[in-house]
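Visitor: Starting off with a structure, shown below.
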Amino acid sequence: MAAMWSPIIGLLLLLLPLAPSSASYIKYPLEGNVYPIGHFVVKMNIGEPLQPYSLDIDTGSNVTWLECQHPLHGCHGSPGVKRFYKPGPANLRVYCKDPFCASLHADLPGRRPPCPRKHPHECHYEIRYVDMTTQGVLVNDTISLGEGKNELIVFGCGYDQRLKNPSPTPAPAAHGLLGLGMGKVGFVAQLKAHGVITKDVIGHCLGSSRKGGGYLFIGDYDKLPSTGMTWAPLKKYGLHYSPGQATLHLDGQQIYANGMNVVFDSGATYTYVPTQIYKPLVAKLKAIIGNTLDPVRHPALPNCWMRRGTVKRPSGILTLRFDNNIVMTLLPKNYLIPVENNIACLGILNGSDVGQNHRIIIGDATMQDMLVVYDNEQGRIGWASEQCTGSATTSRL
């Protein structure tokens, strides 16, 4: 009897959908650098037919969006963007009553109404960043994940982008943003819901200097270092990746008496600290760096220095001290940015100038040559020193 049933059971097993591998992940090469480009991008093929787009990786936002030519709203694109995503009628069917729309606006309280009177069927949004504002509507379309695997993903058609301080000579612009933050509408959360990956884990390794590059992984990456990773529990701070409050120290000396919430944000080019930390920090760094480097003016950033001949790199070790004796150590390479031969600038800016008065934002400048892992499964964030510059290829396991 068992022999008769075994072929039938085998056939049924073949017809069942395959669950993702227990070590499923996707790894992408990154392009870009902190200076002069100002962001790190991943290239993805999107739409039908598939077209290549460069997306700025952003762990500080959970909405993926493309610069978009909307059939009703037109397009006000960012400077430097020359090609726009053009949705068809079938892509515009993410309606105001769609669960994704409700999830999006639960994450964006007090912003633009999701169902404006003029276009009540569309799911509208407005997102404000440190340096820009974007408006758009939710759409869905195919995104290639490599090796012939495509998925239907909900993302934003950003038809109106407004920069706060546009540069007269903008760096090469990305076509949009890959939202890697928390929330149900995030790119990784959607992949997990579709069964493409088994775990909501994200990691990036950003290359240093002008070579830049690096890699991004999504899912159950099985090549994390077995030693050398520092892990901190994620603390509830909106939808931001935050290990909680920390105090900042320079060569062991505390800069400011009170701790502040720290946010890891790969969408921020530089690191931002409030003015009450920024001013004493800059004064102390000038005293230390001035022993080996000469101050010089440069259009890139407010505080820059020129190397004297062949002197060694300046000293000055920054540390962020979190609860439970967790420490993040930042060497000069994590806060001094080479902008020209023999010239380096401070990659830490005054957050109060951009409305960030009560928190520290860890941006790309500080995360160079560092593997940073956002583990939403175990509620933790980790980091370790790693040489990130180098070639990588898209892989899916």
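Any Cβ shown, glycine's included, is placed from N, Cα and C.
Just so you know, TrEMBL annotations are computer predictions that nobody has curated.
Residues annotated as signal peptide in TrEMBL: 1-23. Residues or ranges marked as domain 'Peptidase A1' in TrEMBL: 40-384. TrEMBL lists D58, D265 with the feature active site.
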Visitor: Around D58 (active site), which residues of its chain at least 6 apart sit with Cβ under 8 Å of its Cβ?
Guide: L177, L178, G179, L180, G181, D265, S266, G267
Visitor: Give me the count of other Cβ atoms within 10 A of the Cβ belonging to D265 (active site).
Guide: 23
Visitor: What average pLDDT does the predicted model assign to the domain 'Peptidase A1' (40-384)?
Guide: 91
